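S.K.: Dumping the structure here so I can ask a few things about it.
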Amino acid sequence: MVSHLVNTIRKVVGISGNVISLFLFLSPVPTFVRIWKKGSVEQYSPVPYLATLINCMVWVIYGLPMVHPNSTLVITINGAGTAIELVYLTLFLIFCHDKKKRLKGLLIALVEVVFMALVTALVLTLAHTTERRSMVVGIIAILFNIMMYASPLSVMKLVISTKSVEYMPFFLSLASFANGVAWTTYAFLPFDPFIAVPNGLGTLFSLAQLLLYATYYESTKRIIAARKETKMEVNLSEVVVNGNHDPKKTTRAT
């Protein structure tokens, strides 16, 4: 009776985790709409998307029936996440005008795919029980899941140095926090250390990002307003200069 209730709660929490995770994966959409409109990735970094890609791929492997049985909800959301991140990275590479940065991103993505293919082949070949396979892939999953949540640390450093959250998308941080809470809860029904540890840490990382956003939100508005004012003054100066330059008054020396 109790076991059935726990499994039911686990399934409900898992489905909720899938929904929240989907919002997490879709949260960068406004960022990529901005990139699309401007035709440039500006100062945005591909690191969060590369980290999320390999994280999703390793969790797909973890959820396979021959690795960790009864983990369908882990496969569904991370399979979707893998596809979504590939779309983001494709758009990033298209609108990245820095050739070195583009090549570096492409090479990292290829290395990630090759690495996961090797891990899958080795685990299925050398580990002969689901317990061993779960342990090996679970440890790798912990490492990459922490990388995914910690990847915005470089952006957090930029936020602190510039006192601006312009390049740290709020919805991405918020979705990461909600995602961490949901999957940490899921990991305790019953206890799964490979899901609990990284998501518990991820919750703390995401909370730190939200605190930074709250701290520098007002200063960001002032910085953006000052930038717009400066741009307007420059444009006005150009209009005045062009207005004073009358071609008809220009004479050619004889």
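Residue numbers in this text run from 1 along the chain shown.
Every residue gets a Cβ built from N, Cα and C, even glycine.
Keep in mind that what you see is a predicted model, and the values were worked out from it rather than measured.
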S.K.: Select from 12-35, 156-179 the stretch of residues annotated by TrEMBL as transmembrane segment.
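M.R.: When 12-35, 156-179 are checked in TrEMBL, transmembrane segment belongs to 12-35.
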S.K.: Which range wins on Cβ pairs under 8 Å with the transmembrane segment (107-129): 12-35, 47-67, 195-217?
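M.R.: Per the Cβ count, the answer is 47-67.
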S.K.: Any residues 6+ beyond the ends of the transmembrane segment (47-67) with a Cβ under 8 Å from its own?
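M.R.: 25, 28, 73-75, 78-79, 81-82, 85-86, 88-89, 92, 105, 108-109, 112-113, 115-116, 119-120, 123-124, 130, 133-134, 137-138, 140-141, 144-145, 147-148, 150-152, 154-155, 172, 194.
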